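Student: Would you mind keeping the following structure in view while I ask a few things?
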């Protein structure tokens, strides 16, 4: 159990988990206040109104476990929570019985019935929070919204405001050790957002870049943080024991073997593209813009290469440590 506690503490530190001191404030549900916010609808006056998203450690762990259970298939779930000013607070989450593929999730009638029954039963046991968003996984290709995701989120924001979309990459979570997660809200149709600075760089596979580029200006990311309290510590410990055993008994080198191979192939294609563009650029004089674009692609490919290498080394180090802990036989006595 000591090892489990250390692993849990490491996970909390890796994801910058904050312990809430004023427990009653964040866990108390003020129905009147929430109704006043819903009536005022401040997000209709400012399309960039919500800026922050807070997730409870319990909701986060449930989402990560669900996403990991799907493997290479996308999974989907719903989140319960409330609004506090410009912050969307996610208190809990639950999985939905949906059909998933490697590129999308499809919610059928049974999923909507399950959703309604779950929320109703949650209220009967004192969980008064409403549905505040949905989550789904992007196994191996990062946290962003595809064209289908943008359409789904736009529809949700049209009829179920306030609503947020959360994307988790379980494959990169296993590789990096830190939860790879993003929270997003879409802009209304026809709205042109102001030019923003460059967002944090993330590796996008070559076959997804077009989908990413076409829709990247139709939504924005919220600043994500995580919190916990002594109230949910016991539940978190019980849930962690299952998560920790799965993590300890698995190897990212084996679990993510296909992902790593795909990363290497994707990287080789990006390098070939960059090399071809640089080659063409050498025959064209005075086209500095073309050269800069080629060099930019080469720089991104270099960053992707470093990331893949670090993740592979991280997985190898984990295997060596586990081998030393569990498989080494003391031969000095022989």
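Heads up, the Cβ atoms here are built off N, Cα and C, so glycines get one too.
Relevant sequence annotations retrieved from Swiss-Prot are reproduced here:
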type: DOMAIN; residues: 53-190; note: domain 'MPN'
type: MOTIF; residues: 136-149; note: motif 'JAMM motif'
type: BINDING; residues: 136, 138, 149; note: Zn(2+) binding site
Student: With every protein chain in view, what's the tally of Cβ atoms within 10 Å of the Cβ of residue 149 (Zn(2+) binding site), excluding that atom itself?
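Tutor: Step by step: centre on the Cβ of residue 149 (Zn(2+) binding site), count other Cβ atoms within 10 Å, giving 23.
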Student: Near the Cβ of residue 136 (Zn(2+) binding site), how many other Cβ atoms are there if near means within 10 Å?
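Tutor: Taking all protein chains shown, residue 136 (Zn(2+) binding site) has 26 Cβ neighbours within 10 Å.
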Student: In terms of DSSP three-state secondary structure, what is the assignment for residue 138 (Zn(2+) binding site)?
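Tutor: Looking at the DSSP assignment, residue 138 (Zn(2+) binding site) belongs to neither helix nor strand, so coil.
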Student: Over all shown protein chains, what is the count of other CB atoms within 10 A of the CB belonging to residue 138 (Zn(2+) binding site)?
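Tutor: Its Cβ has 23 other Cβ atoms within 10 Å.
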Student: Could you count the residues of the domain 'MPN' (53-190) that DSSP puts in helix, in strand and in coil?
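Tutor: DSSP composition of the domain 'MPN' (53-190): 49 helix, 45 strand, 44 coil.
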